[in-house]
Amino acid sequence: MDVFKKGFSIAKEGVVGAVEKTKQGVTEAAEKTKEGVMYVGTKTKENVVHSVTSVAEKTKEQANAVSEAVVSSVNTVAAKTVEEAENIAVTSGVVRKEDLKPSAPQQEGEAAKEKEEVAEEAQSGGD
């Protein structure tokens, strides 16, 4: 009977030791898993922030390109409208064609200057 008690006692100590080692192993594994999950979460967050920043920058660039195109189109339409209005005024006899010549180069110069200002503003990001 003592042999059985001693044998079971030794076995019990072995099981307790194994449980302690297993508990320690599980705890370490849980710690490492937590670290891994936190690392992935942090990197994912960084990548999301980077992606959002990239998308925002591209959107800003596209908006600048569109606004530049719109301003250019509006300037073209305005110039054509003035040109046609002048043609109508000349054709109807309200003004003489010679009276319109000096203002045309001046308007073109102003349009070119305005185009330059718009391009500079688009390059600076609208600031």
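FYI, residue positions are counted from 1 along the chain as it appears here.
Yeah, the Cβs are placed from backbone N, Cα and C, and that goes for glycine too.
The region '4 X 11 AA tandem repeats of [EGSA]-K-T-K-[EQ]-[GQ]-V-X(4)' annotation in Swiss-Prot covers 20-67. When the region '4 X 11 AA tandem repeats of [EGSA]-K-T-K-[EQ]-[GQ]-V-X(4)' (20-67) is classified with DSSP, helix, strand and coil residues number 48 helix, 0 strand, 0 coil.
Feature annotation from Swiss-Prot assigns repeat '1' to 20-30.
According to Swiss-Prot, the repeat '2' annotation covers 31-41. Averaged across the repeat '2' (31-41), the predicted model reaches a pLDDT of 81.
Taken from Swiss-Prot, the feature repeat '3' applies to 42-56.
Annotated repeat '4' per Swiss-Prot: 57-67, in sequence order.
Annotation comment: Swiss-Prot describes Ser67 (among others) as phosphoserine. Around the Cβ of Ser67 (phosphoserine), the number of neighbouring Cβ atoms within 10 Å comes to 14.
When secondary structure is read from DSSP and collapsed to three states, Ser72 (phosphoserine) falls in the helix class. Cβ neighbour count for Ser72 (phosphoserine): 15 (other Cβ atoms within 10 Å of its Cβ, all protein chains included). As annotated by Swiss-Prot, phosphoserine applies to Ser72 (among others), with the evidence given as similarity to another entry.
Under the heading region 'Disordered', Swiss-Prot lists 97-127.
According to Swiss-Prot, the feature phosphoserine maps to Ser124 (among others), an assignment based on similarity to another entry.
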